[in-house]
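**Q** Below: one structure in structure tokens.
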């Protein structure tokens with residue numbers, strides 16, 4: 001009975017830690033999006049300035065630097081243009097939640113077959129969960145980049161669309177021009193960038209959680 005109680009308490013603490021991390025990631029993500037989107041918009045435009053595009057709908061820009069970019073965007077497009085791409089960015093805040101959901105699901109399946117996960121197990125399921133989350137949300141990242149660039153005509157009337165309509169329109173245009181795989185251009189590079197980082201993060205997370213339980217006197221009794 002005592003062993004059962006300790007196991008239940010241990011799982012409850014893990015669930016609480018996981019939920020707290022998810023909520024923390026969501027809150028941090030929303031604040032981060034609202035504060036940094038203007039910088040990302042300017043950064044994206046400066047990166048792509050001077051690039052040659054086959055799309056005739058793209059309007060060329062000429063910025064002298066960061067300050068000039070801010071000035072021109074506010075003057076020509078209005079201050080809200082600095083938050084282009086905010087809607088898909090907010091949707092992308094759910095990426096960590098998807099990642100943790102798949103991680104916990106895979107982890108529980110493995111624990112049904114063995115007493116304890118090895119570091120390699122944690123690393124692999126961490127990598128898989130991040131790969132799934134990145135693949136699911138990648139179309140939003142594509143739209144996010146397009147909206148941040150902003151120097152394009154979104155429809156025949158050359159009017160600015162609302163955020164949700166903007167996203168749906170761009171997704172439709174992307175599929176229409178390039179097929180469904182057009183939503184996943186550059187996915188390979190993104191996976192290489194994020195998967196390894198996430199796998200290492202989960203490995204550290206499990207080690208810290210185990211150390212915390214040991215300090216609190218909740219070391220798994222099944223080892224005794």
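Including glycine, each Cβ sits where the backbone N, Cα and C put it.
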**Q** Choose the correct range: of 67-86, 87-106, 147-166, which one does TrEMBL annotate as transmembrane segment? Give that range.
**A** 87-106
**Q** Looking at 16-41, 172-197, I want to know which stretch TrEMBL calls transmembrane segment.
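**A** In TrEMBL, the transmembrane segment feature sits at 16-41.
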**Q** Out of 118-138, 202-222, let me know the one TrEMBL marks transmembrane segment.
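**A** Feature transmembrane segment in TrEMBL: residues 118-138.
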**Q** Can you name the far-off residues of the same chain, 6+ from the ends of the transmembrane segment (87-106), with a Cβ under 8 Å from a Cβ of it?
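**A** For the transmembrane segment (87-106), the nonlocal Cβ contacts are 18, 21-22, 25-26, 29-30, 33, 37, 125-126, 128-130, 132-134, 136-137, 140-141, 143-144, 147, 163-164, 166-167, 198, 202.
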